[in-house]
């Protein structure tokens, strides 16, 4: 009767033989890819408006998605406007018009005034 073949011992969960997922074949750790988000800026604005209020990570994820969505919409509309006018550069004028087209009534007015204020502050600091 043939003897049963023994396989190599399986390393236990916490053993040193288990290979770390973040390690390459040569033993060096891989650098984690950086995830860009607006969370730092959302948090700064939150603290300006409501200093005693916090935000959950789920809510921060939603806010990040919202900012990305609005950014893409404005950029797309500004790009279209530049193309219609046979321009190769998106200026603050295209951005302002895109905001007026995308945002409703009073919200557009406030966004335009805040944007103008931010551009003025930026140009004066140069």
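Backbone N, Cα and C atoms are what each Cβ position is placed from, and that goes for glycine too.
According to Swiss-Prot, the feature SUMO2 cross-link maps to 6 (among others).
Annotation comment: Swiss-Prot describes 21 (among others) as SUMO2 cross-link, evidence class similarity to another entry.
Counting Cβ atoms from all protein chains shown, residue 35 (ubiquitin cross-link) has 7 others lying within 10 Å of its own Cβ. Residues annotated as ubiquitin cross-link in Swiss-Prot: 35 (among others).
DSSP classifies residue 121 (ubiquitin cross-link) as helix under the three-state reduction. Counting every protein chain shown, the number of other Cβ atoms lying within 10 Å of the Cβ of residue 121 (ubiquitin cross-link) is 9. What Swiss-Prot lists as ubiquitin cross-link is 121 (among others).
Swiss-Prot lists 113 with the feature O-linked glycosylation site. Around residue 113 (O-linked glycosylation site), taking its Cβ as the centre, 10 other Cβ atoms fall within 10 Å, counting all chains.
Look at Swiss-Prot and you will find 6 (among others) tagged as N6-lactoyllysine, backed by experimental evidence.
Under the heading N6-crotonyllysine, Swiss-Prot lists 12 (among others).
Residues or ranges marked as N6-(beta-hydroxybutyryl)lysine by Swiss-Prot: 12 (among others).
Feature annotation from Swiss-Prot assigns N6-crotonyllysine to 16 (among others); the stated evidence is experimental evidence.
As annotated by Swiss-Prot, N6-glutaryllysine applies to 17 (among others).
Taken from Swiss-Prot, the feature N6-lactoyllysine applies to 21 (among others).
Taken from Swiss-Prot, the feature N6-acetyllysine applies to 24 (among others), supported by a large-scale study or a structure entry.
Here Swiss-Prot flags 35 (among others) as N6-glutaryllysine.
Feature annotation from Swiss-Prot assigns N6-lactoyllysine to 44 (among others). Sequence-distant neighbours of residue 44 (N6-lactoyllysine): no residue of the same chain at least 6 apart has a C-beta under 8 Å from its C-beta. Reduced to three states, the DSSP call for residue 44 (N6-lactoyllysine) is helix.
The local packing around residue 87 (omega-N-methylarginine), expressed as other Cβ atoms within 10 Å of its Cβ over all shown chains, amounts to 12. The omega-N-methylarginine annotation in Swiss-Prot covers 87 (among others).
Here residue 93 (omega-N-methylarginine) comes close to no residue that lies at least six apart in sequence on the same chain with a C-beta under 8 angstroms from its C-beta. As annotated by Swiss-Prot, omega-N-methylarginine applies to 93 (among others).
If you measure from the Cα atom of residue 121 (ubiquitin cross-link) to that of residue 113 (O-linked glycosylation site), you get 12 Å.
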